[in-house]
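A.B. asks: For reference, TrEMBL lists these features for the protein:
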BINDING   A:Cys59, A:Cys63, A:His150  Cu cation binding site
DISULFID  A:Cys59-A:Cys63  disulfide bond
DOMAIN    A:21-185  domain 'Thioredoxin'
Amino acid sequence: WLYLRQQKERQQRSRRLRDLRALSLGQGDFQLQDTSGTPRSKADFLGRWVLLYFGFTHCPDVCPEELEKLSRAVELLERDPALPPLQPLFVTVDPERDDAAALARYLRDFHPRLVGLTGTPEQVRAAAAAFRVYVSAGPRDADGDYVVDHSVLTFLVDPDGIFRDCYGRSRTAEELARSVRGHMDSYEPLPP
Amino acid sequence: PSGMAAPTMEERKACWGARDEFWQCLDSHGDDAAKCEKLRRAFESRCPQQWVKHFNKRRDFLKYKKKLETEGFQPPETAGKS
């Protein structure tokens, strides 16, 4: 009976590993370009932890606040040399206005390693859909200006490309850092 | 990309500052906008129009939320009481 139970556990473990590998390949993928025009997909960030935020440069207040928070959380974690590297990412939900130059200008005010990603409207739409992020551009005014309504979320992705957690507006930078550290401490790499 | 460049960090902070001054004035005058004309104009000149709309909505929402917290929810009167 013990042998049967061990065999069952082994099967469950290998099924779980298979599911996780499928997730790491298929879940939350994107085809975008960074501010130097280089194509980037999720594969480019494997091997690193990623903190990813969706926003836009014409955002009245939420995006600067969330990016300050994200930057601060990354800074707090960087202080511990024992921790693995953490890559902050910003994906625009306003590809029409947020081209590479606009993103580069905007992101200068935040963490120096923060990478900005943009793309065609289709590519951005697909990336937002992959993360289940709601995006809705508002009506344009007489100057052609508009705001984009969107889910306010920061996603944590592990070095295998698997989604681990997401953080809303109410979490502080310190809480973010603490949570990310907890995930890093309990992380077990997917066997090849 | 269409239209003008996004506000810089300095421009954002100037806008938020003007908004906060306007709101502080409203807070100390029971939301009487007539008493805060000058600050309202400063706020509207410092911020993109889209942001002015956004912040006006935000203030309305915050006031409504406060009202709910202090007065409790008042369901509308049902038509036809027995």
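Cβ atoms are placed via backbone N, Cα and C, with glycine included.
No curator has checked TrEMBL annotations; they are predicted automatically.
Quick one: where do these features end up spatially?
C.D. replies: Within 10 Å of the C-beta of A:His150 (Cu cation binding site) we count 20 further C-beta atoms, all protein chains included.
Long-range Cβ proximity for A:Cys59 (Cu cation binding site), meaning a same-chain Cβ under 8 A and a gap of 6 or more residues, is found for A:Val147, A:Val148.
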A.B. asks: Work out the three-state DSSP category of A:Cys63 (Cu cation binding site).
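C.D. replies: DSSP call for A:Cys63 (Cu cation binding site): helix.
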A.B. asks: Take the mean position of the Cβ atoms of A:Cys59, A:Cys63, A:His150, the recorded Cu cation site. Which other residues of that chain put their Cβ within 8 Å of it?
C.D. replies: A:Phe54, A:Gly55, A:Phe56, A:Val62, A:Glu66, A:Val93, A:Val148, A:Val152
A.B. asks: Can you check which residues sit near A:Cys63 (Cu cation binding site), meaning Cβ under 8 Å from its Cβ, same chain, 6 or more apart in sequence, and list them in order?
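C.D. replies: Non-local contacts for A:Cys63 (Cu cation binding site): A:Tyr53, A:Gly55, A:Phe56, A:Thr57.
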